[in-house]
């Protein structure tokens, strides 16, 4: 056990101290903070030029500004209504100069009509809230002119009860689903990156030790199998640490940003009702996926003699991961599709796809457990098989780098 | 016998790398392995180390097979040098010694001592890739014996070194033997084996063609050289029984004879022919033995 920890520590520390690791970690953390604060940052640069969220209203029929303001506040739009006494030409000039964003012309003849003017069509989006507000005023005015009392107006505006309900037991309610979707998407992304990044690290590490020929000293000191698993555990721990740093950084970045985004993001991502089980499953599937692919990567890394050949041999593994990710990402919108269900029990796809299903659907517990069991068995078989290949592979030097070498390696390892 | 290799055979598919090899080395002995490239030296070492299992036969160290449990007892310098190119020398040596179950503090202390001894004390904080080949080799040797193994296996320890460094390493290896270690090493260089070892084996295509103590090997080779410096034509002496080979030299002649008796006869005859200025009975060098036993296949 002693030497296991020595290798574990060495794999962890040397990788943790590499410039690339530190820089990657810092860049991602910085990116989180940057993204979370992006609206603040834009505001700093934009702030001087235009008054934010001020709507200039040119009233041909005066007296509607307070109503409009009230309606916009009810919509929680944060738009400040300011009556203006400039002419249309002057207002258009102001838009062109960039001192104002937009203005609204209200006309009341038989009917209330409005014209929203902004610099480009891109900004029309903000017009929709104003349209709703104007519509509301119009309805109120019409109701008044028809002589309806407040009670009748209230009945008229009573929102219809519209509820979406799914009959399937495994299906989550629409609201839950859209909340889960964001979170699951982010977590699948993390698992996907992790099962590519860290196993690649292992394959490179093994190939480096082989190409620098230090491997022969190592495996004359400790058994190749111990060496392999200690290395996988070491880099795995490093991966967990890095993911934790990312997680905390992301959390604090959004928490401290202090913009409207915070609340919006947390509710969209489903963090507001943190599903502990989703996070636990994410960690579990991250670990299983990592181990599965790490063993495979160590096996492949042990076959090459030069680090340059690693990528070539890793290609089949990368294809597996990419297929898994395609199924998972396409399955986010249709988690109940048959191909998603089936592939969630295929060990190489399960880390992504079964996690997707667990996150999006209310599955009976036996399904994820079965999938986990299948993965554990596969890891066991692969570990046993990988150890045999590894044992021979690390002693094998030659020019040919193909999967055929697996047989050669086993033969060499067998005679061991 | 401390190290006992008994009738070991190693086959890779149809290819027999080591064929029925037997070897025994006393505790504290130094054994030299000679052999051309591909003779099976490295395969034999890997079997001794337990990296490869013999197809047949057994290897025992102090009565037990070598496993990872005996790891702290064994030191190995592989033929293909291997160190982490980007790791600092000290970190690297300490790491490798720790894998052989040496404590970190001991390993650090010993590393400093060895770097001092090899006159490179300031290399501890350098990366291996920054060192010259020769200096990397010193580090590699330190890596093999830092943890004070009782069995040290050195595969071509002197290849690629300048004469000054060869002497330094030789002395270090001899000192290490004096402390009680059993050492097996291989070389292309006969003179190194001749100088360092008590016993030796010559391997050819997986078989030991010559083996035993160097003295015995030379004696049983059955060929000695007689150098005679006489100002006379000695060519007709080559017809004497027991003379196998005759070479004319500037000063006289060189005879290859089967035993010492023939040398005495030659001496007597030569003295009759003229003034004898020099007579020498020369032992065969390992090089000659090697070429005689192995060279013919490679010629």
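Placed from the backbone N, Cα and C atoms, the Cβ positions cover glycine too.
Per TrEMBL, domain 'ABC-2 type transporter transmembrane' is recorded for A:19-387.
Taken from TrEMBL, the feature transmembrane segment covers A:21-45 (among others).
Non-local neighbours of the transmembrane segment (A:183-207) in the same chain are 11, 15, 228, 231-232, 235-236, 238-239, 243, 246, 269-271, 275, 278-279, 282, 285-286, 289-290, 292-294, 296-298, 300-302, 304, 306-307, 309-310, 313-314, 317-318, 321, 324-325, 328-329, 332, 351-352, 355-356, 359-360, 394; each lies 6+ residues outside the stretch with a CB under 8 Å from one of its CB atoms. Residues annotated as transmembrane segment in TrEMBL: A:183-207 (among others).
Annotation comment: TrEMBL describes A:228-254 (among others) as transmembrane segment.
Beyond the ends of the transmembrane segment (A:274-301), by six or more residues, the same chain brings 180, 183-184, 187, 190-191, 194-195, 198-200, 202-207, 210, 228, 231-232, 235-236, 239-240, 243, 310, 313-314, 317, 321, 347-348, 350-352, 354-355, 358-359, 368, 372, 375-376, 378-379, 382-383, 385-386, 389-390, 393, 406 to within a C-beta distance below 8 angstroms of the stretch. Annotation source TrEMBL lists transmembrane segment at A:274-301 (among others).
Here TrEMBL flags A:313-332 (among others) as transmembrane segment.
The feature transmembrane segment is assigned by TrEMBL to A:338-356 (among others). Within the chain carrying the transmembrane segment (A:338-356), a Cβ under 8 angstroms from the stretch's Cβ atoms is held by residues 184, 187-188, 191-192, 195, 281-282, 285-286, 288-289, 292, 320-321, 323-325, 327-328, 331-332, 367-368, 370-372, 374-375, 377-378, all 6 or more beyond its ends.
Annotation source TrEMBL lists transmembrane segment at A:368-387 (among others).
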